[in-house]
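Beneath this line is the structure, given in structure tokens, with notes to follow.
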């Protein structure tokens with residue numbers, strides 16, 4: 001595993017297996033072929049925010065027409081430099097809020113990093129950096145870099161020295177390593193962003209790193225934090241980083257269900273899961289599918305089995321070298337493979353626009369993880385299907401917790417499902 005060769009100071013935190021809560025959705029805006037597919041309740045357009053013309057051009061290229069509710073609530077204040085604490089359900093465009101707000105305010109100065117965005121997994125950091133590249137398409141003077149463990153720190157040092165970015169996205173372990181070896185100066189940071197902030201601040205080792213990095217940035221700066229799940233306990237921790245923040249809780253925590261997502265369970269023995277999965281993959285219509293399992297071993301074995309059964313599957317898990325993970329993520333995102341088998345590593349924040357079915361082959365360990373996993377389907381308010389295998393009493397208990405917490409009824413999978421309920425007919 002590539003991470004293990006790397007010095008201690010390149011700590012990453014995405015290596016827990018079961019306990020990794022899936023990450024909400026950091027949405028990549030829809031591509032042109034699914035134009036305007038955000039659920040939007042506002043008829044105002046992005047022009048009303050008085051954004052730079054370069055940003056508006058990029059927004060049009062991405063196929064956005066109207067801001068989502070969270071964008072409508074946050075962007076006008078965020079572009080004025082106000083601190084923001086935001087919770088909104090998966091797939092509602094939170095990433096675009098901080099990407100647009102920081103690019104609107106940025107005044108690039110050679111050799112100075114002014115925007116720092118941190119998240120808890122490498123894949124999510126990679127994805128956010130791609131969003132910055134997408135939205136800064138017509139801002140050629142703005143340079144964006146992404147830094148995370150598992151790849152050579154020497155390359156990162158070289159980038160900072162010879163082609164210093166204005167926007168840095170990364171994981172706290174690698175960022176702190178670069179700061180400690182004096183490759184990376186935080187003294188010009190004007191915008192400090194945490195995506196999936198609950199995940200970062202709940203883990204004490206990661207929270208310590210975030211706090212150390214935060215203390216090394218200037219006192220006067222904008223601080224923004226976002227997540228799909230923000231418990232009452234973690235909110236005060238977030239507020240300690242902020243000065244009089246605007247707080248936007250678009251959804252009451254109990255109503256974090258996803259519009260357009262059909263959710264079902266199947267009761268079966270562990271030994272019956274493979275046969276049932278193959279049967280369902282045969283009869284269901286899908287664009288792309290993600291199958292979540294609880295361990296690296298199961299991930300590898302199931303992916304192999306699917307390939308042997310002529311299902312074009314690819315696996316992503318924490319045991320892979322970083323380059324391999326990113327390469328596979330890109331293959332799946334580019335639609336080269338239609339079935340992905342993954343551990344929780346992939347659950348939170350990853351955004352693949354064509355996924356319309358998620359299987360919980362193994363039950364997630366809690367209701368947060370359930371939300372973040374199933375949020376991979378039905379992105380941007382499109383239709384989707386989530387099917388959860390329940391094989392013992394503990395599984396049943398977690399499913400009951402999900403139904404109680406999110407006030408949703410997860411029914412037993414019927415013999416037949418109307419295809420129009422889980423797939424966009426126009427696609």
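Placement of Cβ uses the backbone N, Cα and C atoms for every residue, glycine included.
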Which is it, of 44-72, 73-101, that Swiss-Prot names as motif 'Q motif'?
44-72
Among the residue ranges 191-194, 195-198, 199-202, I'd like the one that Swiss-Prot describes as motif 'DECD box'.
195-198
Tell me which residue from 35, 232, 273, 383 Swiss-Prot records as N6-acetyllysine.
35
Residue from 162, 187, 267, 276 to which Swiss-Prot assigns SUMO2 cross-link:
162
Annotation match for SUMO2 cross-link in Swiss-Prot, from 161, 255:
255
Which residue does Swiss-Prot record as phosphoserine, given the choices 37, 152, 231?
37
Of the recorded sites listed as 154, 162, 240, the one whose CA lies nearest the CA of residue 90 (ATP binding site):
240
I need the CA-to-CA distance for residue 154 (SUMO2 cross-link) versus residue 95 (ATP binding site), whole Å please.
29
By a simple count of other Cβ atoms within 10 Å, which of 90, 95, the binding-site residues in the record, is least packed?
95
For the recorded positions listed here (94, 154, 162, 240), tell me which residue's CB has the most neighbouring CB atoms inside 10 Å.
94
